[in-house]
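**Student:** A single structure is presented below for examination.
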Amino acid sequence: MTKKLWFFIFYWLPPVTLMTIIFILSNRQSISVGDSYEVNFVTFKTLHILEYALLFFLLFRAYYRSLKGSNKNFLFGIAIATTLVYAAFDEFHQTFVPTRSGAIRDIGIDGIGILLCFLYTKIQLAKLIKIRLI
């Protein structure tokens with residue numbers, strides 16, 4: 001395989017795959033994990049935080065390797081913006097799914113995951129690069 005194909009598979013396929021999984025899961029009608037509203041709320045909002053934290057990390061990693069030499073703050077900004085736009089798209093998409101609804105609140109919850117991962121990545125960037133996670 002060519003270097004470009006390996007590069008795509010290693011750096012861009014993971015965020016694209018996660019975005020596809022998020023889209024597919026958002027296309028499903030409402031499901032519950034328990035009888036309690038509170039249990040469902042906490043469970044699904046925690047998943048929102050985790051999936052968008054991971055998406056931010058994967059996008060930052062892909063941008064970092066694709067745009068070598070770019071200002072790191074620019075790369076953080078573009079990864080944050082891309083992830084937030086995808087979160088908004090996901091909520092908009094849910095308005096077309098029976099028993100689902102899009103909520104601005106969920107974009108904010110997704111933003112919590114993005115923010116937490118951004119802070120962690122910014123603080124640990126040198127270490128993450130050294131161990132080749134980025």
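Glycine residues also receive a Cβ, built from the backbone N, Cα and C atoms like all the rest.
Dumping what TrEMBL says about this protein:
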type: TRANSMEM; residues: 5-26; note: transmembrane segment
type: DOMAIN; residues: 35-122; note: domain 'VanZ-like'
type: TRANSMEM; residues: 46-64; note: transmembrane segment
type: TRANSMEM; residues: 73-89; note: transmembrane segment
type: TRANSMEM; residues: 109-129; note: transmembrane segment
**Student:** Residues of the same chain, at least six outside the transmembrane segment (5-26), with any C-beta under 8 angstroms of its C-beta?
**Tutor:** 51, 54-55, 58-59, 61-62, 65-66, 86, 90, 93-94, 97, 100
**Student:** By DSSP, how many residues in the domain 'VanZ-like' (35-122) are helix, how many strand, and how many coil?
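**Tutor:** So the domain 'VanZ-like' (35-122) is made up of 72 helix, 0 strand, 16 coil.
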